[in-house]
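Taking it in order: structure first as structure tokens, then the write-up.
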Amino acid sequence: MSPKPLRLGVNVDHVATVRNARGGPRPDPVRAALLAIEAGADGITAHLREDRRHITDADMARLKAAISKPLNFEMAATDQMLDVALATAPHAVCLVPEKRTERTTEGGLDVVGGHDYFIPFVDELSRAGVRVSLFIEPSLEAIDAAVSIKAPVVELHTGAWCHAVEVGDHDRAEREFARVVEAAAYGAERGLEIHAGHGLDYDTARRVSALPQIVELNIGHFLIGEAIFVGLEEAISRMRRAMEEGRAQAP
Ligand SMILES: CC(=O)[C@@H](O)[C@H](O)COP(=O)(O)O
Ligand SMILES: NCC(=O)COP(=O)(O)O
């Protein structure tokens with residue numbers, strides 16, 4: 001059976017990070033989203049953090065109004081964010097953990113300890129026609145919890161693997177990648193749609209694209225950084241090529 005098509009979701013958070021450094025209107029994450037779609041992005045991801053350190057409520061509303069591709073609204077599981085998400089009516093919501101003090105998303109959602117807490121969020125968003133995904137650690141326990149919470153999609157947090165690659169800790173990187181491989185297969189066997197994201201670059205995106213169960217990668221920080229040097233269109237084209245090369249290796 002040929003592997004399923006692999007989608008690229010481009011996260012525009014860090015266009016807003018650069019904009020907010022000066023407090024003006026530029027660079028505009030909506031302009032970046034439109035360019036990303038022209039360059040081949042299958043969707044746009046944006047993380048409305050509680051502290052609004054990058055994407056703002058207005059950005060999210062403008063993204064929803066402007067883009068022709070699906071909007072993946074990342075948010076913490078809070079009543080306030082739920083209200084914003086329901087008012088925005090995105091294609092999808094991804095529930096992610098947040099800590100005020102974190103520099104970036106550090107781990108996956110605590111779907112084991114917080115199991116019952118997440119059920120109403122998944123219920124209400126699903127009833128509103130929003131596709132819900134849970135941003136989780138690549139672990140079998142987290143997969144089981146996601147199935148029990150009845151979320152149709154999980155996004156496997158690839159940050160630990162990508163960080164180990166980045167710092168040259170080969171043994172740790174291989175252990176972390178093995179967790180991603182196992183969780184992707186285990187989750188797909190249990191009927192979940194499998195996404196992956198956080199910290200991916202061309203090489204790690206190529207490698208993870210070879211996992212046939214994974215149908216969407218959400219990539220932001222690396223692409224926005226690359227765009228500074230080669231332009232956003234070229235960075236996305238190179239990422240698409242890397243994903244296609246990886247997918248060609250899929251069993
Ligand atoms: C959940 C996820 O991995 C991304 O949304 C990531 O959080 C990018 O935003 P930050 O860099 O602000 O964490
Ligand atoms: N959910 C992952 C995401 O949207 C982008 O993460 P990153 O590539 O900015 O680390």
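Cβ coordinates come from backbone N, Cα and C, glycine included.
Pulled from TrEMBL:
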BINDING   Asn11, Arg22, Gly199, Gly220, His221  3-amino-2-oxopropyl phosphate binding site
BINDING   Asp13, His14, Arg49, His54, Thr104  1-deoxy-D-xylulose 5-phosphate binding site
ACT_SITE  His47  active site, proton acceptor
ACT_SITE  Glu74  active site, proton acceptor
SITE      Glu155  site 'Transition state stabilizer'
ACT_SITE  His198  active site, proton donor
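Structural mapping of features recorded in TrEMBL.
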{"residue": "Asn11", "record": "3-amino-2-oxopropyl phosphate binding site", "DSSP (3 states)": "strand"}
{"residue": "Arg22", "record": "3-amino-2-oxopropyl phosphate binding site", "DSSP (3 states)": "coil"}
{"residue": "His47", "record": "active site, proton acceptor", "DSSP (3 states)": "strand"}
{"residue": "Glu74", "record": "active site, proton acceptor", "DSSP (3 states)": "strand"}
{"residue": "Thr104", "record": "1-deoxy-D-xylulose 5-phosphate binding site", "DSSP (3 states)": "coil"}
{"residue": "Glu155", "record": "site 'Transition state stabilizer'", "DSSP (3 states)": "strand"}
{"residue": "His198", "record": "active site, proton donor", "DSSP (3 states)": "coil"}
{"residue": "His221", "record": "3-amino-2-oxopropyl phosphate binding site", "DSSP (3 states)": "helix"}
Densest Cβ neighbourhood among Arg22, His47 (recorded positions), 10 Å radius: His47
Residue pair Thr104 (1-deoxy-D-xylulose 5-phosphate binding site), His47 (active site, proton acceptor) - Cα distance, angstrom, rounded: 11
Entries of His54, Glu74, Glu155 which, being recorded positions, have CA atoms within 10 angstroms of His221 (3-amino-2-oxopropyl phosphate binding site): none
Euclidean distance between Cα atoms of Gly220 (3-amino-2-oxopropyl phosphate binding site) and His198 (active site, proton donor), Å: 8
Per DSSP, three-state class assigned to His54 (1-deoxy-D-xylulose 5-phosphate binding site): coil
Listed binding-site residues with Cβ under 6 Å from ligand 2, out of Asn11, Arg22, Arg49, His54: Asn11
Span of Asn11, Arg22, Gly199, Gly220, His221 around 3-amino-2-oxopropyl phosphate - largest C-alpha separation, Å: 25
Asp13, His14, Arg49, His54, Thr104 excluded, remaining Cβ within 8 Å of their centroid (1-deoxy-D-xylulose 5-phosphate): Asn11, Ala16, Thr17, His47, Arg53, Ile55, Gly220, His221
Candidates His47, Arg49, His54, Gly199, Gly220 (recorded positions) - the one closest to Glu74 (active site, proton acceptor) by CA: His47
Candidates near ligand 1 among the recorded positions Asp13, Arg22, Glu155, Gly199, judged by a Cβ under 6 angstroms: Asp13
Cα-Cα distance linking Arg22 (3-amino-2-oxopropyl phosphate binding site) and Arg49 (1-deoxy-D-xylulose 5-phosphate binding site), given in Å to the nearest integer: 19
Distance, His47 (active site, proton acceptor) to Asp13 (1-deoxy-D-xylulose 5-phosphate binding site) (CA atoms, angstrom): 6
Top Cα neighbour of His47 (active site, proton acceptor) in the set of recorded positions Asn11, Arg22, Glu155, Gly220: Asn11
